[in-house]
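Novice: Below you will find the structure I want to go over with you.
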Amino acid sequence: MAIERTLSIIKPDGVEKGIIGKIIGRFEEKGLKPVAIRLTQLSKAEAEGFYAVHKARPFFGDLVKFMTSGPVVLMVLEGENAVARNREIMGATDPKKADAGTIRKDFATDIEKNTVHGSDSAENAKIEVSYFFPEVQVHAYEWKKLA
């Protein structure tokens, strides 16, 4: 299995609900360890740059407005098949279509306020991680499992 890194964002609705720890715990329980974490308020320019791929889509303005409406938690998660595992833990983009036990099914309210973002491919993960975290800010470490 390949050890990968992926970007995960706890969106403003997740921060506002006070579930940061619960979300990080779900990733850790499934073998994804955070190797970089930052709580920040995205600027309009940062959000527009990050979501530039959606610029022509009708929801772009609302997405940028939402992502700048409050603090977010930016994380780099590391583990075996991190991209696919992260997406499995998050669940479908639309919480109504997400499987039971996923973050979006359990915490999200709708497709716009769906609590978390995760990279959709290994290629995009590299781009997204580098957008928010220069390599120097990412710290590798080994887990010591509790007995």
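Here the Cβ of each residue, glycine as well, is placed from N, Cα and C on the backbone.
Sequence annotations record features per position, and here Swiss-Prot assigns ATP binding site to K11, F59, R87, T93, R104, N114 based on sequence analysis. Summarising the annotation, Swiss-Prot assigns active site, pros-phosphohistidine intermediate to H117 and lists sequence analysis as the type of evidence.
Tell me what's around each of these sites.
Specialist: According to DSSP, T93 (ATP binding site) sits in a coil region rather than a helix or strand. Around T93 (ATP binding site), the same-chain residues six or more apart in sequence whose CB sits under 8 Å from its CB are R104, I111, N114, listed in sequence order.
DSSP classifies H117 (active site, pros-phosphohistidine intermediate) as strand under the three-state reduction.
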Novice: Tell me which residues of the chain lie with their Cβ under 8 angstroms from that of F59 (ATP binding site), as long as they are six or more apart in sequence?
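Specialist: Once residues fewer than 6 apart are set aside, F59 (ATP binding site) is near E112.
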Novice: Helix, strand or coil: which one is F59 (ATP binding site) in, per DSSP?
Specialist: coil
Novice: Rounded to a whole number, how many Å is the Cα of H117 (active site, pros-phosphohistidine intermediate) away from the Cα of R87 (ATP binding site)?
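Specialist: Cα to Cα, H117 (active site, pros-phosphohistidine intermediate) and R87 (ATP binding site) are separated by 9 Å.
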